[in-house]
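As given in TrEMBL:
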- B:18-38: transmembrane segment (TRANSMEM)
- B:58-76: transmembrane segment (TRANSMEM)
- B:88-110: transmembrane segment (TRANSMEM)
- B:116-139: transmembrane segment (TRANSMEM)
- B:146-171: transmembrane segment (TRANSMEM)
- B:191-218: transmembrane segment (TRANSMEM)
- B:252-274: transmembrane segment (TRANSMEM)
- B:286-310: transmembrane segment (TRANSMEM)
Amino acid sequence: MSTAVHLDEITKRFPGVVANDDVDLTVERGTVHALLGENGAGKTTLMNILYGLYEPTEGTVYVDGEPRDFNSPADAIEAGVGMIHQHFMLVDPMTVAENIVLGNEPRKWFGTTVDRERARQEVIDLSQRYGFDVNPDDTIEDVSVGVQQRVEILKALYRGAEILILDEPTAVLTPQEVEELFEVFEELTAQGKTIIFISHKLGEAMHAADDITVLRDGKNVGTVKADETSNEELAELMVGREVLLEPKSAPREPGEQVLTVENVHADDNRGIEAVTDVSFDIREGEVFGIAGVDGNGQSQLVESITGLREPTSGKITYKGRDITRASRRSRIDDGMAYIPEDRHERGLVMDFDLVQNGILGSQHSSKFSSGGSIDWSTARGHAERIISEYDVRPPHADADAESFSGGNQQKFIVGREFEREPDFVVATHPTRGVDIGAMEFIHERLLDLRQQGKAVLLISSKLDEVQGLSDRLGVMHDGELMDIVDPRNTTEEEIGLLMAGEHPESAESETDAADASVGDAR
Amino acid sequence: MSTATIDQLRDTELSYRALLAVGAIAVFSFIAFFGLVFPESIWADLLGILISRSTLSSALRLAVPITFAALGGIFAEKAGVINIGLEGLLIISAFTAVITTAVIGPGVTILGLPAIWIGFFAGVLASLVFSLIFAVVCIRFKADQIIAGLAVWLIALGLAPFAATVYYGGVNTDNVGTTLGTWTIPVLSDIPFFGAFFDAGPAVYMMLVAVPASWFVLNRTAFGRHIRASGENPKALDTVGVDVSRVRYAGVLLSGFLSGIGGSALSLGLGQFIGNNQTMVNGKGFIAIVAYLFGNYNPLGAFGASFLFAGLEAVQIRLQQVPGYAIPDSLIQTIPYITVIVILALVGRTRIPQAAGEHYDTGEDNR
C-alpha cells in the first residue's frame, strides 16, 4: 500500500482566523478516509487546499509522493485530484452526459462540433466500469440528488481523478442513497481509487471509512482506524470533552393543554390531501414528538399549526383560543416559536446580515421598534447575544446569513426562536445539519423549555432524537397519525412498523388520541 | 421539485404552445371562412392581404432586424448577461451604416466593395463597439445589466439623431439613393406565394442562414454548451476549467454582431436613417426581447415569434391602405404591440437561465 496524499504541516491563515493549524494528514491509496469534525473545524478549508482552491500559508502538499504547488483546481485535476462539492456544480437543464464532459467535450468535424455519440458512449463505459446506474440522456433536473452526486463523481473520474474528495456527501441524501453511496465507495476503492470524505457524523465515518482523522479548531487531534475506535472516543476527540450521545429526559408530570389539534385535514401545494384527520394535544411541560418518514404530511401539519397553511377542515386550539384561521403574526405574538424545516426558504433571509435576521418575526414588537422605525442598536445587541450564547461561528453579526455554514445558520435560527421566550415551540428537524456539540446543546435547550413548563412539538426524521426527547410520540404515515405511543416503552421496531403504515399486531386497542398507552402492549 | 411536478410542468407548457397554435389556425380559418362567404366584407380584404405574396415579402423584410436582435439577445442572455440594450445596438448600427455610405459616396467602391456594403459592415462594427463597452461595464466592472442596457439604448437614441443633426441639420439623414436591393433567384422566385423567399433582400437570406446556424452553435458545439452553462451555473463551468468571463464576453459580442447586421439591414434597406421620436427602429429591439422569450431562447422559436410580429406589422401596414373602413389608423397600428402584450402575459412559463443577470466572481464562495 502506498501513500496517495500527504499533507505536511499545513497552516492556513485568513485575516483574523487560523483555519488550519499545522495539520498533518496521510491517506493511503485505495482506502476511504473520513475527515471528521464539527462545523468550522477547518475540514473544508483543508480539502480546498488539497484541491488547489486555496494556497496554504505554510506547509506542503504531496500527491503520489511528489511535492505539489497547486495554483488552481486545474492543477489538482491534472495531478489526479477531483473534488465533489457540497453544492453540486451541475447545469440543471443539460443532460447527464453533457454535464460529465463539460469543458472536455470530445470533438468531431475538425473540432467544430461536439461528438455527442462518443461522449455518450464514454459516459456509458465509465458508469459501467464502476457499476453506476445512470442514464446519460436524463436531464439533471429530472434525476434524484443521489444520481446527481454520482454524476459529479463520474465528472471527476472522466477527468482522470485517482483521488476523490467529497465534501459532506451524505448531507443531502436519503438513508438509502447514503447506503448506495457507500457501496460506490467500495467499488471505487476496489479499483484502486482513493476517497477522502468530509463529515460531521460519527456513525457514517465509522461505517464507511477505513481511517478517520478528526479535526478540531483547525488542528488534527488524531487519526484512528475505524475498527479500532468507538463512537465515544471519536465524539470526545471532536468536541474535546465527554459528550452525551443519547439525549436524556426525566419523566415529568404535564400540566394544562396548550395546543389541541382536532380532526385536521390539510392539502399540499398541488391540492392533494396530505394530512388526514389528525388529532392530538400538547400540554405544558411536555415534548410531543412526531416521527415518520419525510413527506408523510408532517410539513403540512406543521404549517397548519404555525399559520402558514390553512387547514381544509378541523380545529386548532391554542391556549384555549381557536386559532385555526388566525394570522401568523398573532400566533407569534401569542408566544409560538417555530424552527422551520427549510432554513434557506423559511428560516433566514440569505442576503440579510444576522442583525436583520435576528429580529425577523419580532420586527414589530416594542422590543425592537418604536413609532415604525427599528432600533438597530438593540437589534445588534440581540443578534450578538444569540451569536455568543448559541456559539454561532464565525461571530460576525454583520456578515450575510449565506456566508455561514448550514450548521451555524441552524444554531442562529434556534437561538432566535428560543430568545422569543416562547410558551410553545414547534421544532422541525432542529438539529438537521448541525454537529454533535451543537446537537447536544439544542437538545438540552429543548429539555430546558420543557422543564420550565413550556410545550414543545418536535418533528424529526431521526428516530433516536424524537424517541429520546419526547414524552409522547405520534407516528405519521401517509397523512394519518397512526398512533400515539409512549416512546420509553416502545421499541424502535414497533415505531418503524407504524412509520411503514402497519400496526404492530397486539396494538389493536383503538385508544383515544389524547391518551397514550398503546406502546405498552408487547 | 419532484419529477412528477416537472413532468406536469412540461405537459402544461406543451399544451399551452399547442393551444397557441390551435388558436392561430382558428383565427385564420375564421377569417378565411367569412372572407369566402362574404366577399364584400372586411374579412375578404383581410384574407386577401394574408394570402398575398407581397405581404409575405414585407413580413420577411420586417422580420430581419427583429430576428437578428433576438438571436443576439439569446446568445447574451444564455451566457448570463441580459442585454436589454438591443434597441440601442439596432439604432447605432442603422445610423452608422447610412452615414458611412453617405460619407464614402454611394457610387464609390473600395477594394471592389460597393460603399453600401462598407456602410453595412461599419454598422456592424459600431454595434460591436457598443456591445464591447456594455460587456466591459457589465462583466469587468459588474454594473447592473439592466441599467447598463438601458444606458446603451438611451445613448444610442440620443447620439444617432444628434449626429444626424450635426451632419445634415435634421434628425433624419438624407437618402443615400441606393439600397441593398433584392437578390432574385431565377425559377424558384416564380413559385406563387412562397416565391417571396427567393426574391428578397440579401439580409433576408442572411437571416434564413443565421437562424439555423445559431441553433447549431448553441446546441451542437462545445462553445454553445459553454454559453449555456455560463448562464445556468457559471461555477460548474469555472470548476471544469473554462473561463466564464471569456464565454460571457463572447456571448455579448455576438449579440452586438448580430444586432449590427439587423440594424444595418434595416436602414440600408431603405437607404435612409430616420431619427424622429423613437427613430426608425421604433421598439424593434424590445420586441426582439419578447420574441426570444416567446421562443423560449430557441433560435428557431425566436424566429417564429419575430416572423409573427413582422407578419402582423405587414398586415397592419396593408390594412391602412384598404379604403372604405372607418377604423382609425392609429388603432390599426397598435395591433403588433397588443399582440406583444398578450403574448408576454402568456409567456410566463419561459425558463430563464438561472444565473442570467448575476455577476460571476471567480473564487467567490470558496469557503
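Glycine residues also receive a Cβ, built from the backbone N, Cα and C atoms like all the rest.
Automatic, uncurated: that is what TrEMBL annotation is.
Residues 82-85, 87-89, 91-92, 94-95, 99, 130-131, 133-134, 137-138, 273-276, 278-279, 285, 357 of the same chain lie 6+ residues outside the transmembrane segment (B:146-171) yet bring a C-beta within less than 8 angstroms of a C-beta in it. Counting Cβ pairs closer than 8 Å and at least 6 residues apart in sequence, the transmembrane segment (B:116-139) and the transmembrane segment (B:252-274) reach three or more and so form a contact. Ranking B:18-38, B:58-76, B:88-110, B:286-310 by CB pairs under 8 A with the transmembrane segment (B:191-218) puts B:58-76 at the top. Remote same-chain residues near the transmembrane segment (B:58-76) are listed as 82-83, 86-87, 89-90, 196-197, 200-201, 203-204, 206-207, 210-211, 214, 218, 227, 251-252, 254-259, 261-263, 265-266, 269, 281, 284-285, 287-289, 291-292, 295, 297-299, 302-303, 305-307, 309-311, 313-314, 317 (criterion: CB distance under 8 Å, separation of at least six residues from the stretch ends).
Only residues 6 or more beyond the boundaries of the transmembrane segment (B:88-110), in the same chain, are considered here, and those with a CB under 8 A from a CB of the stretch are 65, 69, 72, 116, 118-120, 122-127, 130-131, 149, 152-157, 159-160, 163-164, 167, 173-174, 176-178, 255-256, 259-264, 266-268, 271-273, 275, 279-281, 284-285.
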